[in-house]
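Student: One structure is given below, represented as structure tokens, and several questions about it will come after.
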Amino acid sequence: MQFNIPTLLTLFRVILIPFFVLVFYLPVTWSPFAAALIFCVAAVTDWFDGFLARRWNQSTRFGAFLDPVADKVLVAIAMVLVTEHYHSWWVTLPAATMIAREIIISALREWMAELGKRSSVAVSWIGKVKTTAQMVALAWLLWRPNIWVEYVGIALFFVAAVLTLWSMLQYLSAARADLLDQ
């Protein structure tokens with residue numbers, strides 16, 4: 001296993017996750033801001049590790065495996081925490097939609113890789129926009145300094161859910177022939 005700066009950034013993101021959860025539950029007034037800040041630092045490493053791996057030609061198989069796992073674990077845990085905090089359908093429904101999509105697409109990618117057609121379900125631009133909307137919405141819903149930030153966060157969460165469904169349809173459409181053939 002080769003460790004380089006992009007891989008270390010990904011590992012750092014994984015290490016931040018338990019601290020993020022712990023800070024979220026601290027019974028102090030600054031915990032929402034601190035949890036959102038930790039989440040944002042982790043989210044930035046998600047972008048930065050991939051950028052550096054491509055820029056410095058330091059892509060590794062381990063990094064290619066760990067990066068999406070770290071991203072999905074971070075986002076899923078953030079969604080669970082936000083859902084638990086708000087106790088409302090307007091947060092739970094988009095979160096459940098996005099988590100279900102991640103499970104479906106992960107299974108689809110694995111299955112397509114077994115068929116030797118992994119590239120036909122590669123990450124699309126809509127997936128990148130979805131991830132950005134998710135990260136911003138989650139950061140605002142974690143921070144929640146005032147009601148307007150929460151409203152914008154919830155609206156962005158719904159935008160992310162719609163983009164999630166759209167990107168899932170793109171992936172399923174790209175794999176349609178193989179899905180129907182088997």
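Any Cβ shown, glycine's included, is placed from N, Cα and C.
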Student: In terms of membrane topology from Swiss-Prot, F39 and V82: same side, yes or no?
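Tutor: For F39 and V82, the topology recorded in Swiss-Prot gives opposite membrane sides.
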Student: Residue list, the transmembrane segment (146-168) vs rest of chain: Cβ under 8 Å, 6 or more residues beyond ends.
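Tutor: Sequence-remote neighbours of the transmembrane segment (146-168) are 90-91, 93-95, 97-98, 101, 104-105, 124, 126-127, 129-130, 133-134, 136-140.
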Student: Just to confirm my parser: what is the rounded mean pLDDT across the topological domain 'Periplasmic' (108-145)?
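Tutor: That region's mean pLDDT is 85.
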Student: What else in the chain is close to the topological domain 'Cytoplasmic' (2-12), if you only count residues 6 or more beyond its ends and a Cβ gap under 8 Å?
Tutor: 45, 48-50, 52-53, 56, 58-60, 62-63, 66-67, 70
Student: Taking residues 6+ outside the transmembrane segment (87-107), which of them lie with a CB under 8 Å of any CB in it?
Tutor: 72, 75-76, 79-80, 121, 134, 141, 154, 157-158, 160-161, 164-165, 167-168, 171
